[in-house]
Amino acid sequence: MATGKSGGSSAEDLGHHAGYYRLPNTHDARLFYFFFESRGSKGEDDPVVIWLTGGPGCSSELALFYENGPFHIADNMSLVWNDFGWDQESNLIYVDQPTGTGFSYSSNPRDTRHDEAGVSNDLYAFLQAFFTEHPNFAKNDFYITGESYAGHYIPAFASRVYKGNKNSEGIHINLKGFAIGNGLTDPAIQYKAYTDYSLDMGLITKSQFNRINKIVPTCELAIKLCGTSGTISCLGAYVVCNLIFSSIETIIGKKNYYDIRKPCVGSLCYDLSNMEKFLQLKSVRESLGVGDIQFVSCSPTVYQAMLLDWMRNLEVGIPELLENDIKVLIYAGEYDLICNWLGNSRWVNSMEWSGKEAFVSSSEEPFTVDGKEAGILKSYGPLSFLKVHDAGHMVPMDQPKVALEMLMRWTSGNLSNASSSFQRLDFTM
């Protein structure tokens, strides 16, 4: 894919790849991906980072072109280098998943996924195919990253990789950590935080807060039922709990619930028309090899298929990974309502693991970039929580330099002054 590059370098020269892997153990599922080799000084030795966009059903091309990819799309449909693309510090993969998202497809509806077991098995199969084609990258440190509904995908995917390594199922994947940005991971805790966050930020009044909070106990009970009995109760939980969010949404009107400082424009609250136009161009489609597959930024079909998964708690698999020195970074832009920092901070602090007390009692420290405070960081051992200033739901879009700096320090074990000194005592991070 070499559209709009100066000097006419080919995509291969730049180390840019795009294509499909057909997944074994499916009827006909094909996952579409982009792979950008690192522009950094260590090049091929930089970590391999995979990015998953949420939705469920939203294409990772959203992140590629608007957040942390190598380039942005200009109004004249040319590509402009992104100085803060994560390929500056990593070998970067974007994948359209679950099947049916973005350019990924299957000719067989039985390949539609409804839960994290199906999603994580497909992602594991994708990685095996990727490292079979790129064996020189298999030895590198490997990190899973993403945002929003990827707060569900990522813990399940990380556990699947960990299990695959443990059981010697295929190529060993050198999993070192995962990062979730403004994710939905523990709905019982996070849905309860909606009213608190909205009141704190002046989005609702105290009487509105009291009224909406009456729904919370029913929501909590419904989530509990979903966790024990599954299926239909999970749909019930989705309906009941989203009354909390929709009540707030009605009150805030045209405000963007991904960034409460901004108005909501268009169906996804942002103008994504450049990407949609660019991906319809015949020349682009030919170079990507996607034929006439219809591209939608976010697939309603995939979203509907995952409804029963929505209210499940994905925090449960994380403690085992922490105990095995897998680094976990939860970060959140402070102006996002839908997956707000408050709810994320609460589930991180209430998670049961051997370092819980030490994490909870560890002091917050400023996260500084260019001598300015860019966020507030709390760390202990392999676990870190970072609240990012002046950012909404999409931190790499709102604070690109801070996000790149975060990735670089985290993957090299220097996110926190405290954690790097701690690391020598106990954990190999």
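Every residue gets a Cβ built from N, Cα and C, even glycine.
Under the heading disulfide bond, Swiss-Prot lists Cys58-Cys298 (among others). Residue density at Cys58 (disulfide bond): 25 other Cβ atoms are found within 10 A of its Cβ, drawing on all protein chains shown.
Under 8 Å, Cβ to Cβ, and six or more positions away along its own chain, Asn76 (N-linked glycosylation site) finds no residue. Swiss-Prot lists Asn76 (among others) with the feature N-linked glycosylation site.
The DSSP secondary structure for Ser148 (active site) is strand. The feature active site is assigned by Swiss-Prot to Ser148 (among others), with similarity to another entry given as support.
Contacts of Cys226 (disulfide bond) defined by a Cβ separation under 8 A and a same-chain sequence distance of 6+ are given as Ser233, Cys234, Gly236, Ala237, Met311, Arg312, in order along the sequence. According to DSSP, Cys226 (disulfide bond) is assigned to a helical segment. Look at Swiss-Prot and you will find Cys226-Cys241 (among others) tagged as disulfide bond, backed by similarity to another entry.
In sequence order, Asn256, Tyr257, Tyr258, Asp259, Lys262 are the residues of the chain that are 6 or more apart from Cys269 (disulfide bond) and have a CB within less than 8 Å of its CB. A coil conformation is recorded for Cys269 (disulfide bond) in the three-state DSSP classification, outside any helix or strand. Taken from Swiss-Prot, the feature disulfide bond applies to Cys264-Cys269 (among others), supported by similarity to another entry.
Swiss-Prot lists Asp336 (among others) with the feature active site, giving similarity to another entry as the kind of evidence. Secondary structure at Asp336 (active site), taken from DSSP and collapsed to helix, strand or coil, is coil. Asp336 (active site): 27 other CB atoms within 10 A of its CB, across all protein chains.
Long-range C-beta contacts of Cys339 (substrate binding site), restricted to its own chain and to partners at least six residues apart, with a cutoff below 8 Å, comprise Glu147, Ser148, Gly151, Asn182, Gly183, Leu184, Gln190, Ala332, His393. Feature annotation from Swiss-Prot assigns substrate binding site to Cys339; the stated evidence is similarity to another entry.
The active site annotation in Swiss-Prot covers His393 (among others).
Residues or ranges marked as N-linked glycosylation site by Swiss-Prot: Asn414 (among others).
Positions annotated as N-linked glycosylation site by Swiss-Prot, on the basis of sequence analysis: Asn417 (among others).
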Which state, by DSSP, holds Cys241 (disulfide bond): helix, strand or coil? helix
Given the recorded positions Cys58, Cys241, Cys264, Cys298, Asn414, state which is nearest to Asp336 (active site) when distance is taken between Cα atoms. Cys264
Rounded distance in angstrom between the Cα atoms of Asn414 (N-linked glycosylation site) and Cys298 (disulfide bond): 35
